[in-house]
Amino acid sequence: MILLHFVYSLWALLLIPLINAEEFTPKVTKTIAQDSFEILSFDDSNTLIRKQDASVTISFDDGETWEKVEGIEDEITWIYIDPFNRHDRAVATSMYESRLYITNDQGKSWERITLPDSEKNISSRGCYIETHPLNKNYFLAKCNYCEKTEVDNEENSGDEEGAPVIFNITHCTDKVFASNDGGKSFSEIKSSLERNENSAISISDCGFAKTGKDSDLESSDTSIICLFQNMQLIMDEFSSPYTESKLVLTTDWGKSLKEFDQFKDKVVNGYRILKSHMVVITQGDRYNDMSSMDVWVSNDLSNFKMAYMPTQLRHSMQGEIYEDAMGRIILPMSRERSDQEEDKGIVSEILISDSQGLKFSPIPWTANEVFGYINLYQPTYLKGTMIASLYPLSRRRNRKGKAKGVKNKGVTKISVDNGLTWTVLKVVDPDNADSFDCDITDFENCSLQNMFYTREGSTPTAGILMTTGIVGDGSVFDWGDQRTFISRDGGLTWKLAFDFPCLYAVGDYGNVIVAIPYNADEDDDPQSEFYYSLDQGKTWTEYQLETTIYPNEVMNTTPDGSGAKFILNGFTLAHMDGTTNFIYAIDFSTAFNDKTCEENDFEDWNLAEGKCVNGVKYKIRRRKQDAQCLVKKVFEDLQLFETACDKCTEADYECAFEFVRDATGKCVPDYNLIVLSDVCDKTKKKTVPVKPLQLVKGDKCKKPMTVKSVDISCEGVPKKGTNDKEIVVTENKFDFKIQFYQYFDTVTDESLLMINSRGEAYISHDGGQTIRRVDSNGETIIEVVFNPYYNSSAYLFGSKGSIFSTHDRGYSFMTAKLPEARQLGMPLDFNAKAQDTFIYYGGKNCESILSPECHAVAYLTNDGGETFTEMLDNAIHCEFAGSLFKYPSNEDMVMCQVKEKSSQTRSLVSSTDFFQDDKNTVFENIIGYLSTGGYIIVAVPHENNELRAYVTIDGTEFAEAKFPYDEDVGKQEAFTILESEKGSIFLHLATNLVPGRDFGNLLKSNSNGTSFVTLEHAVNRNTFGYVDFEKIQGLEGIILTNIVSNSDKVAENKEDKQLKTKITFNEGSDWNFLKPPKRDSEGKKFSCSSKSLDECSLHLHGYTERKDIRDTYSSGSALGMMFGVGNVGPNLLPYKECSTFFTTDGGETWAEVKKTPHQWEYGDHGGILVLVPENSETDSISYSTDFGKTWKDYKFCADKVLVKDITTVPRDSALRFLLFGEAADIGGSSFRTYTIDFRNIFERQCDFDITGKESADYKYSPLSSKSNCLFGHQTEFLRKTDENCFIGNIPLSEFSRNIKNCSCTRQDFECDYNFYKANDGTCKLVKGLSPANAADVCKKEPDLIEYFESSGYRKIPLSTCEGGLKLDAPSSPHACPGKEKEFKEKYSVSAGPFAFIFISILLIIFFAAWFVYDRGIRRNGGFARFGEIRLGDDGLIENNNTDRVVNNIVKSGFYVFSNIGSLLQHTKTNIAHVISKIRERFGNRTGPSYSSLIHDQFLDEADDLLAGHDEDANDLSSFMDQGSNFEIEEDDVPTLEEEHTSYTDQPTTTDVPDALPEGNEENIDRPDSTAPSNENQ
């Protein structure tokens, strides 16, 4: 009994504290406030401040009572605690310009600081004070000023109440002021950039070089770094602003500025000063703020080195860059600008540098996972601990177009050894195991997933952490299912704390925890409550609040986590009087009867489970979980005890710069990094020994490891000082082949999608440098479709009926289920004006594809594939016609090709309501149809197996396409639509369809696509309908074709095809063979040297032979440049026997650049050209930076590979190329990709004036020195002149200027319908035909009242010529049928006004004649003296000036009439003479003739020749008028009775008038009916 009584007494003594603990209630004080959302704490004090409305309130007792501060007279917009003087200094910004308030005594008193006044009409939008970590008197004030602009409220109201807008944010300026006397005086640090009129925004960003008391940077206390930027926003063509920048250092408060030389020719995008590094981010392209960036690192503010990035950095979050405890740089990368608003600005990837800050790498387990939001949490008080979470973007909640079936997995992992090893967050909670949907003992498939850790604001504890999240495999994440968890071992294992998500805060180093649910109804009680724990989360007690609030924050009043007092800030919507905020002060300081812990209440807790981290073992003394006391060391920081480890291990080392970790974690050499380093610069040997490991900077282990060197091969490694040294190559190896790839055509990044031989999809956003696999939920990808109207969208079809869609270039994918139908492999058809609207074709009743019941069905979706509706049965091809036409008859019109199950014919139907109620049959029987360039063209079968084409430009009116009648065109059995651009359709009409011997005629239409003329005969095509036809991108009217030169014999099956290449510079009106270069690439003459291009010209392999149709001759951004594989000779040779040729003037002149066939690619608008051998293994490429004048070879890999393709972004504007290659390996072959980056070989970016003006780096020049007029104008193009700079994202092809419009010549016209171009250059009517009925135009345009007959010519649509030759001059107008009355009214003249004018003129003439007769003739003797008057006579009466004028008129009249009489007499005699001569000589010969349309050069000058502007022209005119008088000798002139003598049959060359151009003598011998009419002269 005694023993039992003793045990009972002991149990009672132990129980008393627990009873006290249970009975303990914290002290809670409520304050009602208005508009108070952030409470700030001064460090190591009981003082809190907050902004309430526009004033500042303060509490000196941890928030129990509040009062308004004295000394602040202005309305306040913001308050903040000085991060370097957290104990006593705070700053409040005034609503008024240039004023701030500062306190240095925890808010007891405030001093007003006044900054310099702004300029007139310039208003401050707020100022911010930055302080110095070591000197309290050093300030930097940063202010933003904008022009005051009153804006019309009706057009642009400032707010909902219509207040006027007073800031013009497009003209804003940052200003920085410095003070070294505590704010008593300020001086401006003025930007060293001059602001011009185009600068919309000027930015000045300055900061002290010292960023902390422990800063390791070599700098003085007065060192200030400033970044000045000017941004110009005036050009619509640019997707982003032009930026110029300067990064400078000042040590004398801005009096003098020293620019960092390394960044003089670069665009500095931002900078960040850290503890031991300064990081500078430079923008790769000043004209594209989405371009890739470079990272530069320095530890002394003078020497910067470019860091190695494993991917393109395009959207860094510069304000989030920080250093961890090891000195590694943590670089978050934000996502690009998304179409989804909620995705903008989120962290998409995190890169971590080595301890030197020069080599970055991603978190290993996130590198090849699905792309998503990444969060990294590193509690500073837990050395070596990192918690990272990956959350797939495709699973973002409430996304537009969110689809079902998405299974992309997120994951959260933890590392306690600085990221060397990672593990999932294990849930070890047997008591709650049944509450989870998965087996928590299966850690890999059932772990804690969270998303909300942040780097800032974590309270130090001894390994006690809380978070919200869910437990699962990461495939499902619903915010509503979150719960709250707690850990006591630094995050390695977790237990459930609450079944709902909570806000939480810890105090007393983790011994006191407060949690409040986000939603008060979580416990089925509408009133709010908070929970608290005094045993590190083991048990929880509820405290009921009397008001329902929405918690905004809960915080410990001591930022270091040592105190036991908390603030709960929340708001309610129930009060209508404006008192919406409730502030609760919660005090736990008297818990456990105010007992303070003693030594035996503590235990040691070891970080990282006692392992060495950074060469040190860390431990913390913490209170035992069940101890009945509080630590109560208020304002003391948590102590971390460390013990250096004796031996260094591999965990204390990192890979040297030249090495990377392989899949096993071993450091192996990397060729690309070796090229970037300088290890091979120091030796002439083939190999150099390098240690693969280096000790982590700052590691404290005592005894280093012995690291053996590894021999690195230096063969082929470029030496320092060469351009090749700066080329960066990234190699990726695969155990599969890439079968498909395609870039997204945007300037945002270099994203491309790839499909391998296994049907797996991969995405890259950096031109192939890094590649991620697309999660397709285990489905094989069987087809990929890109949206041609929205460049960021693509659709992947899965083998199990899923469709994976992306609208952000593969950053995220959404999954939907296709309709229950068999996939037929038909492409999607898209709406050009609605991104989420498209048509999918599936097979219905298709158990077998050969089943008679199997038929296609068109399914329509308007929500990006989330839902489908059946639109039309038996449809096999549809078009959203209403979205394609410029002027559609109905914008909702859809056209579909329908093939009924029971019929072999196809029909064309249309609808304006997606075939719900409206269905119109357009054609009963068609072969097919297609859309191109605003036209829809339908092929309709005709009798005798012929085809007819019908064209529409509005979807309602169809017109038959009239093909030219030609002697070599038989049946219209096949045609190919080649292109439609600027109002014309190019079409190839087959004239021979024997397989392997195919060819046909090239045709071109008029503006509405209905009337075609022949441009060229016997143009080559293949059996599949592809044609050797290519329009040169970016230039008007230049086309290359291959013709079958022996077409007659090929058609008769006597010979194989012999191809020749032809070029036109005026859109097909005239064709010529390509001029061959004089010498080959080795300087030797070509074997064929005939001056006749028909026998010796350049020939190129064309479209019909390409492996990839995207490999075009030209590039739209590299104007005038073309590559081709061909030969010089009489015709085209086989591909393997050909060379590679290049031109820079649009095809006028060519040069051989390689002796063998090569693949080519353009970069930087032609500023970088790359060639790689085709069909042969290689380890090198050739590149040129001077537009092909010189070429350099570069070894891009160690082993030779067979390059399958070379590619870059579709706009050919990037400096990065991607090679696909295959290399032979042991046991087979491996597929490889090589990303080759040329950015660094250029010294700088070219200086470009965004208004298009010439500069030092750009000049306007014609395409070639021989270029004159093309399409009626002379054009100059803006071109780069300095090969040492790169162009970047400038749409250079859009900067051209027309010098002048030229006079019209023969080259500005083409033959009209039913006319053909004869060998003499004239357009002649096809034999046996009449001109097209010109009156047909009246039927097409009912409003017309007149029409004109065709002249046989029509002006080329692209021509802008003015004046000159008018070959298309219309005839006299004719009245349209039925419009005779309107026609007569248009051209008739009213009799009344006409009679009045006519009579008035007659009266004036009569009066003038009478006056002259009276004063000049009658007074001087009348007509009797008329014959006696002579010029200069003085016998006439002249009494005044009027008499003199009248007499002069009389004398002049007499002179004129006398000469006219003589001339008439002379003419009469000559006519009689000629008639007599003709009668006697008629039949002997015809007279000489003059032909007008023989030679272009003659015609170009004909207008001037016949205009009488110069002496030679007048001679020619006289020559034509007196055609029978030339070359007649004097003694041959007969009398009337004499017989005519003969004259020579041909004129000699000396008799040709001087005005004729040389070589055109044959054109002057027949002045017949073909001479141009006066209106053409």
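Each residue, glycine too, has its Cβ placed from N, Cα and C.
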Exercise. If you check Swiss-Prot, which of ASN791, ASN1440 turns up marked as N-linked glycosylation site?
Worked result: ASN791
Seminar exercise, completed: Record (Swiss-Prot) lists N-linked glycosylation site for one of ASN556, ASN1008, namely ASN1008
Problem set entry | Other C-beta atoms that fall within 10 angstroms of the C-beta of ASN445 (N-linked glycosylation site) | 13
Seminar exercise, completed: If you measure between the CA atoms of ASN1301 (N-linked glycosylation site) and ASN445 (N-linked glycosylation site) and round to the nearest Å, you get 74
Seminar exercise, completed: Long-range Cβ contacts under 8 Å made by the repeat 'BNR 7' (762-771), restricted to residues 6 or more beyond its ends, are 292, 310-312, 314, 336, 367-368, 371, 730, 732, 749-756, 809-811, 1208-1209, 1214, 1216-1218, 1233, 1235, 1237
Exercise. Where ASN791 (N-linked glycosylation site) and ASN445 (N-linked glycosylation site) are concerned, what is their Cα separation in Å, rounded?
Worked result: 38
Exercise. Can you count the other CB atoms that lie within 10 A of the CB of ASN1301 (N-linked glycosylation site)?
Worked result: 17
Exercise. Near the repeat 'BNR 5' (485-495), which residues from the same chain, at least 6 beyond its ends, have a CB less than 8 A from one of its CBs?
Worked result: 382, 385, 387, 414, 416, 423, 425-429, 432, 448, 450, 463-469, 513, 536-537, 605, 607-609, 625
Problem set entry | Local Cβ density at ASN791 (N-linked glycosylation site) - other Cβ atoms counted within 10 Å | 17
For this session: State the mean pLDDT for the repeat 'BNR 9' (1141-1150).
Result: 93
For this session: On the DSSP side of things, how many residues of the repeat 'BNR 9' (1141-1150) fall into helix, strand and coil, could you say?
Result: 0 helix, 3 strand, 7 coil
Problem set entry | For the repeat 'BNR 8' (859-869), the number of residues DSSP places in helix, strand and coil | 0 helix, 4 strand, 7 coil
For this session: Could you tell me how many residues in the repeat 'BNR 7' (762-771) are helical, how many are strand and how many are coil under DSSP?
Result: 0 helix, 4 strand, 6 coil
